[in-house]
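A.B. asks: This structure is in structure tokens; I'll ask about it shortly.
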Amino acid sequence: MTQTLTLTRPDDWHIHLRDGEQLATTVPDAARYFGRAIIMPNLVPPVMNAEQAIAYRQRILAQRPSGSNFEPLMVLYLTDNTSAADIVAAKAAGVVAAKLYPAGATTNSDSGVTSLDKIYPALEAMEKAGMLFLLHGEVTDASIDIFDREKVFIDQILSPLRQRLPNLRIVMEHITTSDAAQFVAESSSNTAATITAHHLLYNRNHMLAGGIRPHYYCLPILKRNTHQQALIKAATSGNPRFFLGTDSAPHARDKKEAACGCAGSYTAHAAIELYAEAFEAAGALTALEGFASHFGPDFYGIARNTDTITLVKESWRVPDSLPMAGSQLVPLRAGESLQWRVAPA
Ligand SMILES: NC(=O)N[C@@H](CC(=O)O)C(=O)O
Ligand SMILES: [Zn+2]
Ligand SMILES: [Zn+2]
């Protein structure tokens, strides 16, 4: 008999949908079975105020397949100039969180924050308004080794911030190290983390041994196997402060397969299928529902979805590429097989 797994409908607490014509590819993929998604604001120019967030939300909704109830949850991009008034206005407009991109840390972070000191008034306003603070947790100092940037960020920036604003609800996005998993596990109930499927499935050997594989290149960069194991342990532990965030981040094929390739892996074509594979490999399929469907809404203070999706153990082949805005997008596991698929509703 075919093995099946029924879950409360999951949500994606970290996704890049981009803008313009790309939305015709990314929105239907995200809306296939996720109920809600936290929409990253690193557009060019970024989503910096309530008005821009409302307009971007409308552009996303316009690409929603008919009959879909997929709900995009909007996020503000913090800059050195984000004021307390910007936060209050964004909150009133339904924006649920604001995101720290340390300037220069990752894709489209040029307008990001140069020093946390510049945004303390905004952070205090967020703490007061109950708006979540999401962060890309890497330092940008060129002298710090790229594999150490997450740990140094925790020591130099996150730890002191955590103490200074204890009531601010913080999500450390896409964690990649045992250090981050430990920091979150040992923090108070106001600190959580998202974990991607690719950081559960891969480590830096997959990216670099026997040839360089640009589609595994994302930030924070894949770390050594011991970190991968710590992430698997955290994700499958049942600790409600670790939950699903794909960080699906599309870049056209020619921007990835290049002398200087962009950071980001596309996983929205098979997100829950990839997580199911990782949880099954860890012997922890029963922990998937909490991680994918319960803990995210609980931390955000939003009701859980009330309907379900069903995964079926059935091998299928991921396409070599997907069309996106007149170019090609190479999804993670392109041309390879996956073992789980989501049954049509
Ligand atoms: N994760 C990535 O490697 N890239 C993301 C940005 C981000 O989430 O850091 C992107 O927007 O392409
Ligand atoms: Zn990031
Ligand atoms: Zn991201």
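Counting starts with 1 at the first residue shown.
Placed from the backbone N, Cα and C atoms, the Cβ positions cover glycine too.
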A.B. asks: Taking TrEMBL at its word that HIS14, HIS16, ASP247 bind Zn(2+) 1, choose the one of LYS91, LYS99, LYS151 listed for that site.
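C.D. replies: Given HIS14, HIS16, ASP247 bind Zn(2+) 1 in TrEMBL, the matching entry from LYS91, LYS99, LYS151 is LYS99.
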A.B. asks: Same Zn(2+) 2 site as LYS99, HIS174 according to TrEMBL: which of HIS136, HIS206?
C.D. replies: HIS136
A.B. asks: TrEMBL records HIS16, LEU17, ARG18, ASN42, HIS136, LEU219, ALA263 as substrate-binding residues. Which of HIS199, HIS227, HIS251 is assigned to the same site?
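C.D. replies: Candidate listed by TrEMBL for the same site: HIS251.
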A.B. asks: Suppose we screen the binding-site residues HIS16, LEU17, ASN42, HIS136 by Cβ distance to ligand 1 with a cut-off under 6 Å; which survive, in sequence order?
C.D. replies: HIS16, ASN42, HIS136
A.B. asks: Counting only residues 6+ away in sequence within the same chain, which have a CB under 8 Å from the CB of ASP247 (Zn(2+) 1 binding site)?
C.D. replies: HIS14, ILE15, HIS16, GLU173, HIS174, THR194, THR196, HIS198, CYS218, GLY264, SER265, THR267
A.B. asks: Which binding-site residues (LEU17, ARG18, LEU219, HIS251, ALA263) fall within 10 Å of LYS99 (Zn(2+) 1 binding site) by Cα distance?
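C.D. replies: Near LYS99 (Zn(2+) 1 binding site), where near means Cα within 10 Å, there are no binding-site residues at all.
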A.B. asks: Measure from each Cβ of the binding-site residues LEU17, ARG18, LEU219, ASP247 to the atoms of ligand 3 and list the residues where some distance is under 6 Å.
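C.D. replies: ASP247, by Cβ distance under 6 Å.
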A.B. asks: Restricting to the record's substrate-binding residues (HIS16, LEU17, ARG18, ASN42, HIS136, LEU219, HIS251, ALA263), give me the longest CA-CA distance in Å as a whole number.
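C.D. replies: Farthest-apart Cα atoms in HIS16, LEU17, ARG18, ASN42, HIS136, LEU219, HIS251, ALA263 are separated by 19 Å.
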A.B. asks: Measuring Cβ to any atom of ligand 2 with a strict under-6 Å cutoff, which of the binding-site residues HIS14, LEU17, HIS136 qualify?
C.D. replies: HIS136
A.B. asks: Once LYS99, HIS136, HIS174 are set aside, which residues in the chain still have Cβ within 8 Å of the Cβ centroid of the Zn(2+) 2 site?
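C.D. replies: Near the Zn(2+) 2 site, beyond LYS99, HIS136, HIS174, sit HIS14, MET40, LEU100, TYR101, THR106, LEU134, LEU135, GLY137, GLU173, ASP247.
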